[in-house]
Amino acid sequence: MSTSRFKAVIFDLDGVITDTAHYHYLAWKRMAEQQGVYFDHAFNEQLKGIDRMGSLELILAAAGRLYTLEEKLALADSKNLHYQELITGMTAADLLPGAVAALDAVRAAGLKIGLASVSKNAFTVLDRLGIRDKFDYVVDAALIARGKPDPEIFLKAASELGVAPADCLGVEDAVAGVAAIKAAGMFALGVGLVSVLTQADLVIAGLDGFDLAVLQQVPVRLQTPAA
Ligand code: BG6
Ligand code: MG
């Protein structure tokens, strides 16, 4: 009988397992600046975990003019092409420190492993990293109607893994992603800064600090009701 408090761990991809968050940043920055929008890391923080069109809308809202749907689709395509160029040379060397060890530790503990990324490039990135077969289930972002912070993608992963949300641990680097995990009723492990991921139950700097034994002991934070 498993004594684990969790039955599944559901990982985000970009910024957790590999540093594609930086490539998304570079591609959005070029597009934003071409539209006359000032773009820095603080702006980018709001875009982490947000799907492609949602991110584009946030940038264009700062552009000071309206865009037609055709223009928006063209801009989203050009950002995506630039992003795809940036990830062309990715290999297993681009796995963040501790990522494979974390996946292997979860597997060794007998827990299910899911991936919940809203990126439509997630399968390509997993294949370049050579880790697709480490997951029991990878959500296809094309099937998700509502992006993070909506809990849909984490609930979909849990349901496909056959695990109740309360028995899942979600791992995220984005504010919107942590909010999605909490809205799904899961334990949220933030990867990044405590000062940014304020809703997380626990925050670690990177997956090299992932320790299932420690996670078993951390109490779940109760959601603070809106004032
Ligand atoms: C998320 C990233 O994982 O995927 C976002 O955090 C990105 O920055 C989003 O915009 C969508 O990715 P894609 O590859 O479908 O444009
Ligand atoms: Mg992310």
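Glycine residues also receive a Cβ, built from the backbone N, Cα and C atoms like all the rest.
Annotated substrate binding site per TrEMBL: 12-14, Trp28, 47-52, Ser55, Lys79, 117-121, Lys148, in sequence order. Around Ser117 (substrate binding site), the C-beta neighbours below 8 angstroms that are at least 6 residues distant in the chain are Asp12, Leu13, Asp14, Val139, Ala141, Ile153.
Feature annotation from TrEMBL assigns Mg(2+) binding site to Asp12, Asp14, Glu172, Asp173. Taking all protein chains in view, 23 other C-beta atoms sit within 10 angstroms of the C-beta of Asp14 (Mg(2+) binding site).
Taking all protein chains in view, 29 other C-beta atoms sit within 10 angstroms of the C-beta of Asp12 (substrate binding site). Residues or ranges marked as active site, nucleophile in TrEMBL: Asp12.
Feature annotation from TrEMBL assigns active site, proton donor/acceptor to Asp14.
Listed in chain order, the residues near the Mg(2+) site other than Asp12, Asp14, Glu172, Asp173 are Phe11, Leu13, Gly15, Val16, Ala21, Lys48, Gly49, Ser117, Val171, Ala174, Gly177, Val191, each with its Cβ within 8 Å of the site Cβ centroid.
For Asp173 (Mg(2+) binding site), the spatially nearest entry among the binding-site residues Trp28, Gly49, Arg52, Lys120 is Gly49, judged by CA separation.
Fewest Cβ neighbours within 10 Å among the binding-site residues Glu172, Asp173: that distinction goes to Asp173.
With respect to ligand 1, the binding-site residues Asp14, Gly49, Lys120, Asp173 contribute Asp14, Gly49, Lys120 as residues with a C-beta closer than 6 angstroms to one of its atoms, given in sequence order.
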